[in-house]
Structures are given as structure tokens and as C-alpha cells.
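Participant: One structure follows; several queries about it will come next.
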Amino acid sequence: MTMITPSSKLTLTKGNKSWSSTRCGAFLLLHLVLQPWQRAGAQATPQVFDLLPSSSQRLNPAALQPVLTDPTLHELYVISTFKLQSKSSATIFGLYSSSDNSKYFEFTVMGRLNKAILRYLKDDGKIHLVVFNNLQLADGRRHRILLRLSNLQRGAGSVELYLDCVQVDSVNNLPRAFSGLTQNPQAIELRTFQRKPQDFLEELKLVVRGSLFQVASLQDCFLQQSEPLAATGTGDFNRQFLGQMTQLNQLLGEVKDLLRQQVKETSFLRNTIAECQACGPLSFQSPTPNTLVPIAPPAPPTRPTRRCDSSPCFRGVRCTDTRDGFQCGPCPDGYTGNGITCSDVDECKYHPCYPGVRCTNLAPGFRCDACPVGFTGPMVQGVGINFAKTNKQVCTDVDECRNGACVLNSICINTLGSYRCGPCKPGYTGDQTRGCRTERSCRNPEQNPCSVHAQCIEERQGDVTCVCGVGWAGRAGYVCGKDVDIDSYPDEELPCSARNCKKDNCKYVPNSGQEDADRDGIGDACDEDADGDGILNEQDNCVLTHNVDQRNTDKDIFGDACDNCRGVLNNDQKDTDGDGKGDACDDDMDGDGIKNILDNCPRVPNRDQQDRDGDGVGDACDSCPDVSNPNQSDVDNDLVGDSCDTNQDSDGDGHQDSTDNCPTVINSAQLDTDKDGIGDECDDDDDNDGMPDLFPPGPDNCRLVPNPAQEDSNNDGVGDICEADFDQDKVIDRIDVCPENAEITLTDFRAYQTVVLDPEGDAQIDPNWVVLNQGMEIVQTMNSDPGLAVGYTAFNGVDFEGTFHVNTQTDDDYAGFIFGYQDSSSFYVVMWKQTEQTYWQATPFRAVAEPGIQLKAVKSKTGPGEHLRNSLWHTGDTSDQVRLLWKDSRNVGWKDKVSYRWFLQHRPQVGYIRVRFYEGSELVADSGVTIDTTMRGGRLGVFCFSQENIIWSNLKYRCNDTIPEDFQEFQIQTFDRLDN
């Protein structure tokens, strides 16, 4: 463990010049600056423990134990410098038990939630959590943090957090720490975060004693001195001191920049030398000098009587009789000798083969094997020294880069006999596993693939998608045409083949499903005779089914041709199991094989008929499955029966504590991936694969999918098993509306709950809801009492958008949408009135509606009834009922038969709300950042009050817990106003 003190010397060199000689004035300045403080009274010198030792050192955590358990220790500092990828999470450092992995002390960054968490062991053996909110620590930038812990040995301690030299948070009255630290030095283990690509941990130090000013200076931070000094000096001295400190800070910054540059240059040179092919030893052999063919020794004297007929010569050698006997010719090719005796020549000694290729000597001749892998050329075979010298084997390097060895659009480096694949070429992104595709970026105009009329969106893992802007429609944001009614279909056909390139069959009426019953090219939404039977829709008893005779046996409002119960009056046409037979005449409404009269859940399939509480209502549809409530009363419409509804909700997320899977953590969605009864928001291992989500030995690279081996072939920090589908719901992340929630994949309001907000009296009728386009469009046809159509899906953070259109000219009342719905007394509503009007029933109070858009928080003590009805109508606050959070200052009402697009952002964890309205492509209303925490999440839906023929088209929702950037700006402005 390295001990560092502020008095340690530092000498740098630049070229042949000592940096200390050129910058000696800086140390003189430091000496002059510190003199007044030394005169004012010496402070204890800080002890600094470097927790990032070099690889040659081995950290001994036991050395920290006497420091942390020192009863005289009043202050403790932890300083760190690091960089984390955007939205990532990591445990920066921590002390753990090496025997059972329990925590003693730990600091974790949760980038997705913009939080940091400090955990430490209390006296009672439990872990205490200190949460720092709204911190931008995981954004791909280098950050410096300083933790100041005071009086943690005594109790009633405090923690201060400094980020990049600025105090951002403090927490007081903390319980005692470190007293429970084990006395066995071998049982303590120090861990730092596991590095990912593009992450680094540059500095991690523990500092004891010393002042905050002294410790901050270790990070080149010069904070205002908090301790009173014995001799502070005059105001002129303070100004002079601050000026000197500023100069010193700049000087130290130059030193650090110089060091970083030198390190980069050294690393570059080292890597260049290591990879240089020409710098290593050559791999070929020098040719052997030519050798002379030995001269055959003189033939021995021939016996006078020996002739060629005795075959005295070597086989194949020509023999000639002479006067003195015989004469042999030269040895055959591949041999050497005197003609009588011939020996095989080893041609391989003359290196006829390509270097590295095996040469085989034959009798006679030689043979070269095939060229090595990565080379091409002929196999050489021949006889004789001359042939071996003049017919050398030639092997030519194969250029694999021309043969597609690497993926398209990547760098390919051809080497002698081989090749090497590099990264993608400039302008492309990817790797050798996934391929290299054209680099697309929303931040660089040259790499932005989107239409000029489209919005560019950067998705998970850097993917880019395009979405046509408001008032435009087309193919995935690449080709966009004008869209007057904002239903995602262009007014005129576009030059592309996608479905959304076709011409809108109702140009001025939004119909995102493009329904056309008679296939005449005119959509049902704007066709006066939608079924083409010659009878106008207003008189037709089957609007979408051709029936000239208009026969109607049961005399309800639906003709026999389209009536799902021809002999039974059923104006609601409800068909629970979708079998074409209406519930009114279907003896098995839910299609589970059990007749209605015997079925304990007639409208919910449940073959097992389980009924734990024995109240005659099956568990599948029982609002209190463990408490008998045969009447199923649910006054507040929260899907929890009155008999078991406690209305005790500690975290305010809409789920009472007795059923909440995270009672003290906001999680309205109640997502529990591993079904262990603990919600993901408070579960350390969401997928139960043994790899913790965040803490060591994690983080889990597939948090929602079991993968204990953590395979990650491209080292991008995301496991192979969840690379393109993070929640493994069979819908790829690019089109998944909730990529981290397998229970939500697409926008769908086909299943909804109707809530009547004025159930008493007969002033008006209840709303009539019609759902189209597979749950992405809702129509309300009646002039009705206030009412809601609420989806069953609950959300934490959410983005909700849709097109709003009043398709009539005969009324002027309220229409809008809701979010954060928890029960019929608790929800947010955005509502729009066309004209000013006093409600016609003055009981219980006179209610006046003003024109314009209003954002209201409903928290009614009475619930549905005349009080809530008049409070919703009235523009303004009403006691114990409704609060007006924002109103459009233009006081402009909606226009008849005009389409508007709304965008809502709700982040219940911080209370962030913002809603915007567009008319065509023009922004006409913006609430700005509005903060309210009345409802901490909930369900979505639509709202109407005394207004008929409302269309909510092209509805879209998306899970989103990311805090928008303007929230930080809003906080800064708010703090500035408070300071002033």
C-alpha cells in the first residue's frame, strides 16, 4: 500500500529540459500561497492510502482495519476519478467479507437512474443506505468525486458528496459505522469495479485526518476553507489568495495535460514497435554458394579383354568399345560419377524449393511439396543439379483481402502468408462478428440517415432510428410526406413499398388502422356509406356489413347481418371469448369449457376453478382472493376489492403495501422477472442466475435473462444471449416499446377498464368506447357524463403520445387523456375545452370551464360523484378534489375536425411531467417542466366529458425511466431563484 503526503516531490522532464526548472515559479507561488495558512495554525497532515496499487504490489486490506476502527477518527475521505459508459452501472469500490461476501462499505453508481448509493455496516449488523439522487456520473465523461464522512464512529454522523469540485449533496444524522468490522485481518477483502470497454478507474484513495481543503487539493480542487483560521487576513489578502490559487490551479492543469500527452505518445510508440512486421528477424535462409560438380576420378586400367558386351557401365550409360577396351559415357541426370559407378545427387542441397517447403530427394531427382497456406504456386519436381538451380519453386503470397477474408467495409491488412482483420473503415460501425454497416449518428449531419422531415433517435447500444416528424409520415423516417391528420399515413403515395408509404384513405380524419369495409378506397372513418350497401351510415343498422334489407329480429340497434346475438337484445355486442357469439347468448362466455351457470369466473378463463377464500368467486377474477367478498365491491375502481383494500401505500406507486412486491421502492409496473416475489426494482439479482445485477462479482451483462457464464463474444458489455432482445420477449429491442420488460411489447388498449366519474343521476349517459387498429385507436361516440377508458398496464416512467381529433361541429366540451391512474380518485388528467361555459348543474358548487388545455392532479376525498364531476369541469383548484398544475396561457380551444398530436413525459421517481401539443408540425402548447409527486406512477387511458365523436388515433406508449436533460436545467434555475 502506497502512502502519499501532500509534501511529496514531483519532477517532470520535457525533452532535455527539466520541467521543474521551467516551472519553478509555480512551486514558489504554492509556497507563498500556503504561508498564511501555516502562520494561521498548522493542521494535521492527511494520511493518504492509495487503493489502486501497481501490479507488482499486492494490497493488504488488513492495513485499513486499524484506521477505520480508530475511535479518535472523526473524519474520513474517499476520493476517486473515473469514467463510465453512458447509462451503465458499477460498484466503484467496496470492503467485503472474504468468507461470506457480506458488505462492510460500498459505493455504487447507478447510471440508468442517475443515482449513487453508499452502503455501510451499522452497529446492529444491518446495512445502511445513503442515496444520492440526480447525479450525472455515467455519461462517458471523466468525473472526480470526494466523499467526506464525519463522526461515523460516534453516531449522528454526516456524509458530504463533492462532484467535480462542487458539493452536490449532504446527508446528516447517520448511524454509527465500522464498529462491526471484523477483527480478523484475513477476512477483509477490497474490490474495485470490473472494467468494461471505454471505462476506466484512474484514481482511488482513502484519506484520514486533515481538512477538507487539504484533501480537495489532492484532486486539484480548491474549495472555500470551511474551518475558521486564526489569522484570516484582510479582504485584499483573500482576493489575492483566490487569484493565486486560480493561477496555481491552471498551472497544475497544464502539468496533468503534459503528462497525459507524454503517456499517449509513449504508448503509441510502444504499440507501433510491437506491431511492426519489418522490425523482427528475417525468416528466410541465405542460399548456399554454388558447388562444383566433382570430377570423376580416372578410370582404372581396363583389362584388354573386357568389352561392352559385359555391361561394365552404370545402367543407362552409353558404352563404346575402343582399341584398348571400352569407354563409358557420362552418368544420367541426377547422378554423379565416372560412368561405371554413379551416385545419386541430392538436389535438395541446392534449395530448389520455396523457403519453408519440404524438399524430398528421389533417386533420381527431387520433389517440392505444395506451397504453404497463404501462398499459391506449382509443385516442382525434376532431376539434376542444373534443373534444381534453374527451376526454383516460386510461391506467391495470396492476398486474402481481395478474396473477402474480412467482413465487408472493414480494414483488412494483408501479411506475408496470412492476413489480419482490423476495425470497420471510417464511416462504418460494427465488428468482425456483427459486420460493418454504414455509421449512422444523430449528432453528425453527414452520418444522419434520416429525412429532413424526420427526427433522429439514438437507441440502446448506439443504434439509430428515424421517425417522421409530427405532421409527416412515411417509411421509417427515411422517406416522409405530408400527413395532415397525423395518423401516420401520408396525404399522397410515396416512392417506397412500406405500408406507411400508401396514400391515406381518409386524408382529413385520423384512422391509423386504415379500415375500409367495402374496399372502395375510402376509409370507414370518412365514408358516408362504409359498407357500400346504398344506405348511409346514420340510417344503417349494420354500418360495416352490407345489408340492404336491414332485417333486425331482436329490435336492438344492430341488424341481423352484424348482430352477434340475433335473437337477444344486446346493444353492447360484448363478446368476451371472441368466438362471434355475444355474451348475452353465449352459455360459455369465456370459452373455458365450463358453462356460465357453473363457472365461478364466467368472463375469465379458469379451468381449475380455484377459489381459495371459498366465496364462490374464482381466484382468477376475485378482487380479494384471500378474503371472502362474494359481491366483489370495488368502490374506488383500483381492481382491489373493498374487503381487502387498505389504501396504505408507503411509496405512493398505486399498490398497497400488503400486495406491493417492493413496498418501499417506487415500482408501479411491479415487474418481477424471476417470479420470486421480489420486484426487480428492489431485487439484487433480477433473473436469479447467481450473478448480481450491479454488485461484485457483477454487474450482470444480461440482467433479465439467466446467463451465469456471462458470454460476451464482442466484449460490448451486453451478453450474447440478450444482445438484440434484452428482455427475451421475442420482440427485438428496436421495435419493443419496453425493451427491459418482457410483459409489455406493443401498444394495446384492446383490454381496458371503464370508469364512470358521475355514476349517480341521469343528466347524461355513460361513454361508449370503440377500440380499433389492434388497440392503437379509440373512438368515443356519445355526448356523455365524465368517464375514463383505462388500460390495465401500469408504468413507472413512461412516454405517451397520440393524435387527438374531434370529428364533429356540434359540441364544445372536454376531451383529453390520463396518466398515473391508481384509482378513480387518484390520477393525472390533461383536458382541453373548446369554449368558456358554466356547468348546468350548480350543485354542489358553481363550476366554470375556461377554454384551453389544462393539466390537473386529481386526488379526490369523495371519489366519483357530483363533487368530482364539478371539480373536473371547473378551471382551477378545488379543495380536497383537484389541483390545477398548469394551464395553456393562450386560452385557445380546440378546433372542429382538426388533428392535434400530444407528447407526454412522466418520470414519477422525481415527479417530472411535461406535455406538448402540435397542430400539424407546429408546436402550439408546452407545459414546460412541471414537478408533482402526487401519483408515483400508474396506468394510462383517455378522458371525455360531455363531448361526442372524439378520436384518439395512432396511440403509442414507451417505458422510459431516463431523466430528461431539461430536468437538470430546471433544478439549477430553481436553486438560483431560491438563492436570490
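Any Cβ shown, glycine's included, is placed from N, Cα and C.
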Participant: Which of CYS722, CYS738 is the other half of the disulfide bond that Swiss-Prot records for CYS702?
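Facilitator: Disulfide partner per Swiss-Prot record: CYS722.
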Participant: According to Swiss-Prot, CYS436 takes part in a disulfide bond; indicate which of CYS424, CYS442 is its partner.
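Facilitator: That record, Swiss-Prot, gives the partner as CYS424.
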Participant: If you look at what Swiss-Prot says, which of CYS562, CYS565 makes a disulfide link with CYS542?
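Facilitator: In Swiss-Prot, CYS542 forms its recorded disulfide with CYS562.
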Participant: Looking only at CYS395, CYS406, CYS412, which is named in Swiss-Prot as the disulfide mate of CYS401?
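Facilitator: Out of the candidates CYS395, CYS406, CYS412, the one Swiss-Prot links to CYS401 is CYS412.
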Participant: Just give me the nearest neighbour of CYS328 (disulfide bond) among the disulfide-bonded residues CYS319, CYS412, CYS456, CYS501, Cα to Cα.
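Facilitator: Closest candidate to CYS328 (disulfide bond), judged by Cα separation, is CYS319.
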Participant: Looking only at Cβ atoms, how many others are within 10 Å of the one on CYS412 (disulfide bond)?
Facilitator: 18
Participant: I need the nearest neighbour of ASN960 (N-linked glycosylation site) among the disulfide-bonded residues CYS308, CYS313, CYS480, CYS542, CYS722, using C-alpha distances.
Facilitator: CYS722
Participant: List only the single closest residue to CYS722 (disulfide bond), chosen from the disulfide-bonded residues CYS308, CYS412, CYS624 by CA-CA distance.
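Facilitator: Nearest candidate: CYS412.
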Participant: Could you check which of the disulfide-bonded residues (CYS308, CYS371, CYS542, CYS702) sits closest to CYS738 (disulfide bond), going Cα to Cα?
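Facilitator: The smallest Cα gap between CYS738 (disulfide bond) and any of the disulfide-bonded residues is with CYS702.
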Participant: Looking only at DSSP and grouping its letters into three states, which state does CYS412 (disulfide bond) belong to?
Facilitator: strand
Participant: DSSP three-state call for CYS468 (disulfide bond): helix, strand or coil?
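Facilitator: Note: CYS468 (disulfide bond) is in a strand by DSSP.
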Participant: Going by Cα-Cα distance, which of the disulfide-bonded residues (CYS319, CYS401, CYS412, CYS468, CYS644) sits nearest to CYS959 (disulfide bond)?
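Facilitator: Result: the closest of the disulfide-bonded residues to CYS959 (disulfide bond) is CYS468.
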Participant: What is the number of other Cβ atoms found within 10 Å of the Cβ of CYS328 (disulfide bond)?
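Facilitator: I count 21 other Cβ atoms within 10 Å of it.
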Participant: Average pLDDT across the domain 'EGF-like 4' (438-481)?
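Facilitator: Here the predicted model's pLDDT, averaged over the domain 'EGF-like 4' (438-481), is 83.
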